């Protein structure tokens, strides 16, 4: 009986892990047909006889992103929009450029775990565990270091070097999604009620109002 319970538990765990990622493909590839009117979880497939090598490649990741913005960072995605051949394969990646002391603000990827490699510079990275602990797990990374952000958890990066920094990150979904916390909370359309945010953040109403105005 104990062995049966353990087996059932392992099967349930395996099922949960399997459901946490994109579905496995049922053919060699399914190159996205962006102009299709078919609606499904993913993108419709191009006729395999029409597939070209260009459907599986992307050029330009060597070009630095423009970091002249309030955050001082720029994310360059490489997902199905850039490589149609990624459709149904369950992966994507991004290049992230950081100006000195620039940040990639606290955000989550609702559908993907992220693994980040520092290519140039020095980054402070971290993520926060779920309630009730809300523990910050952070580290300073240098060139060649790798860090993992578990799926769904709030995380961030900050350039702590004197020069520009750059990282490449892989994500375990063709469409990982991104929820920037400040944008979602203070920039929703329509606004979340000011009274709700005042009580949630335990601050003066004017602070919430001014913050919402900026977004």
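In case you wondered, yes, glycine gets a Cβ from its N, Cα and C as well.
Whatever TrEMBL says is automated annotation, not expert-curated.
Around the Cβ of residue 109 (oxalate binding site), the number of neighbouring Cβ atoms within 10 Å comes to 22. Annotation comment: TrEMBL describes 104, 109, 114 as oxalate binding site.
Annotation source TrEMBL lists Mn(2+) binding site at 107, 109, 114, 155.
According to TrEMBL, the disulfide bond annotation covers 30-45.
Confidence across the domain 'Cupin type-1' (59-209), taken as the mean pLDDT and rounded to a whole number, stands at 96. Among the features that TrEMBL reports, domain 'Cupin type-1' is placed at 59-209.
Residues or ranges marked as signal peptide in TrEMBL: 1-20.
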Considering Cα atoms only, can you say which of 30, 45, 114 is the nearest neighbour of residue 107 (Mn(2+) binding site) among these recorded positions?
114
30, 45, 104, 109 screened against residue 155 (Mn(2+) binding site), Cα within 10 Å - retained recorded positions:
104, 109
Rounded distance in angstrom between the Cα atoms of residue 114 (oxalate binding site) and residue 45 (disulfide bond):
26
Whose Cβ lies within 8 Å of the mean position of the Cβ atoms of 104, 109, 114, the oxalate site, other than those residues?
94, 107, 108, 112, 116, 149, 155, 169, 171, 176, 178
Protein Cβ atoms within 10 Å of residue 45 (disulfide bond), excluding its own:
20
